[in-house]
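In Swiss-Prot this protein carries:
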BINDING   His47, Ser68, Tyr139, Ala140, Asn141, Ser156, His226, Pro227, Glu228, Thr243  iminosuccinate binding site
BINDING   Cys113, Cys200, Cys297  [4Fe-4S] cluster binding site
Amino acid sequence: MSVMFDPQAAIYPFPPKPTPLNDDEKQFYREKIKRLLKERNAVMVAHYYTDPEIQQLAEETGGCISDSLEMARFGAKHAASTLLVAGVRFMGETAKILSPEKNILMPTLAAECSLDLGCPIDEFSAFCDAHPDRTVVVYANTSAAVKARADWVVTSSIAVELIEHLDSLGEKIIWAPDRHLGNYVQKQTGADVLCWQGACIVHDEFKTQALTRLKKIYPYAALLVHPESPQSIVEMADAVGSTSQLIKAAKTLPHRQLIVATDRGIFYKMQQAVPEKELLEAPTAGEGATCRSCAHCPWMAMNGLKAIAEGLEQGGAAHEIQVDAALREGALLPLNRMLDFAATLRA
């Protein structure tokens, strides 16, 4: 008897933490990266969840700091022939899908994502085959192969609007891979949504009891929550949204103190947006518990200065993203559907 893959039961080994650099080493690699970016006609795109010094370097060199889709869109529009993607592997794949003519380099191809790992293509394809009457919607945090199996790709910033649209057409949905985001979208729309049971190892760790205690210490603080968090955390929020939406909420809310329930990498850009406000990390461990991620993705942490310099200098199979042409074509269709839908929302 075959046993169905259970993302909730999967344990993903974390990578070792990068060796800390001293100030002289940091300066050496910063200068080396700046030189290599010019020599390779490259631009650096970094995710909000990378370390502050990486985001700062992206800014200083004319690059981009954003969510995964905007990183790829920025790279596609940029004149550079090479993109250095500081993030996790699916982000590099998305950049390659949208810019097949460009060289896509990453500090390491071992930078994974628990949502991606928790949705292997063979098991997910079988799951979809078992429900042929449903439209398949997958989150951007998936492999190129999973995207190619989908009808739509979606980001958290437009997930509710897209599912509302599909529901209005009478469509039933398969949602993958994040069960918390899928549950949030279902509750917001009332749509018929069948969720794959994956989760982000960072957001899944936020704890209601610990957060309640923190709220008592800071009773006038607003709570900002990413919808990849458990429902009990989302229900406590003053604002729920994607990374970019949370930064906007930080500016809009009148509160002087903000408790932020997402990866602490976002603090760099959020603090720039609201320098007058105090940002507080939401707790990730319950009573007597020890956090695994401690509100920072361990794979994002692999994007260190030394690794970025090595990626630019060495290139090759250890650093360059490749996507099979047929797979790219299959993944591009649902990605373009999403981009077209997002454009109608902005119109």
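Every residue gets a Cβ built from N, Cα and C, even glycine.
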Cys113 ([4Fe-4S] cluster binding site): which of the binding-site residues His47, His226, Glu228 have a C-alpha within 10 angstroms of it? none
Cβ contacts within 10 Å for Cys113 ([4Fe-4S] cluster binding site), all chains included, total 25
With iminosuccinate as the bound species and His47, Ser68, Tyr139, Ala140, Asn141, Ser156, His226, Pro227, Glu228, Thr243 as its recorded binding residues, calculate the greatest Cα-Cα distance and give it in Å as a whole number. 18
Roughly how many Å lie between the Cα atoms of Glu228 (iminosuccinate binding site) and Cys297 ([4Fe-4S] cluster binding site), rounded to a whole value? 13
